[in-house]
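Asker: Have a look at this one.
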Amino acid sequence: MKFLWAALVVTLLAGCRADVEEEVKLGQEPDRWQAKQPWEQALGRFWEYLRWVQTLSNKVKEELLNSQVTEELKLLIEETMKEVKAYKEELEKQVGPIAQETQARLSKELQAAQARLESDMEDVRTRLAQYRSEAQAALGQNTDDLQGRLASHLRKLRKRLLRDAEDLQKRLAVYQAGTHEAAERGVSAIHERLGPLMMEGPLQAIPPSQQLRERAEAWGQKVRGRLESVGSQARDRLDDMRDQMEELKAKVEEQASQVRLQAEAFQTRLKSWFEPLVQDMQRQWASLVEKVQSTLGISPSTKPSKTK
């Protein structure tokens with residue numbers, strides 16, 4: 001049994017060490033959101049605020065007990081989503097006509113990525129609001145367990161936030177490239193119509209190749225999206241399993257502590273029950289011995305003398 005507990009502790013410590021190493025790596029990631037597009041800068045401010053919250057310093061713990069943190073996060077979320085929408089509209093204005101099917105597909109993928117990022121940011125705010133309610137309910141008690149669960153959930157949410165932010169960044173790049181490519185195809189079509197008749201034959205072969213390329217790109221995007229979705233689900237499940245192991249360990253330790261306290265209380269209760277009974281039996285036995293000795297005429301303090 002001790003060996004199993006030792007193996008479990010080693011496994012959990014190894015997981016914690018991996019979390020610390022990954023924490024350092026993720027802490028360096030926000031640099032990519034600096035001094036670029038306005039939406040990336042807004043996301044960078046949200047990220048920096050989240051990293052400050054994760055320190056769980058005394059100042060953070062104090063401010064988490066009121067609604068100031070969640071209100072500021074709400075403003076940062078609204079600012080980020082506003083900048084994303086503005087950037088998308090700017091891209092649409094900069095380019096010419098695009099194939100309706102391609103535009104619908106790219107726009108749908110972009111909206112889904114934007115929705116995932118917004119959901120991640122809202123999850124952070126919701127989790128902090130939940131912690132505030134739990135901490136206020138446990139005011140005056142030990143909140144180490146609440147802080148441990150909050151830190152674990154924030155690590156998980158931050159990894160998901162980074163992953164979906166990178167996905168949105170890629171989708172915007174694909175959207176920009178797709179619209180620019182459509183504009184270039186429009187220029188090529190004008191050259192085709194105004195070109196000499198002798199070039200008409202070769203130019204007519206271009207549209208089918210472009211259609212094939214569009215289909216290949218669409219198929220590639222679909223496959224890549226599915227692979228990313230599967231990978232994301234696998235990472236989320238691993239994170240869930242790790243969180244469940246941590247919660248299970250905490251519950252087992254708590255139950256073991258309760259069992260130990262109950263056993264000690266039961267032992268004390270048994271002692272309080274039987275100790276008076278034993279003392280009473282000792283008194284009764286001593287009294288019985290005295291009565292027997294008195295009846296036989298034997299003094300309890302002297303031995304009977306031998307008669308000659």
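Keep in mind that glycine also has a Cβ here, set from the backbone N, Cα and C atoms.
The structure displayed is predicted, hence computed values, not measured ones.
Sharing the features that Swiss-Prot gives for it:
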type    : residues                                                               : note
BINDING : L157, R158, K159, R160, G220, Q221, K222, V223, R224, G225, R226, L227 : heparin binding site
REGION  : 205-281                                                                : region 'Lipid-binding and lipoprotein association'
REPEAT  : 163-184                                                                : repeat '5'
REPEAT  : 185-206                                                                : repeat '6'
REPEAT  : 225-246                                                                : repeat '8'
SIGNAL  : 1-18                                                                   : signal peptide
Asker: Output, ordered by sequence, the same-chain residues six or more apart from L157 (heparin binding site) with a CB under 8 Å from its CB, or 'none'.
Answerer: D120, D123, V124, R127
Asker: State which of the following binding-site residues has the fewest other Cβ atoms within 10 Å around its Cβ: K159, R224.
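Answerer: Checked K159, R224; of these binding-site residues, fewest Cβ neighbours within 10 Å: R224.
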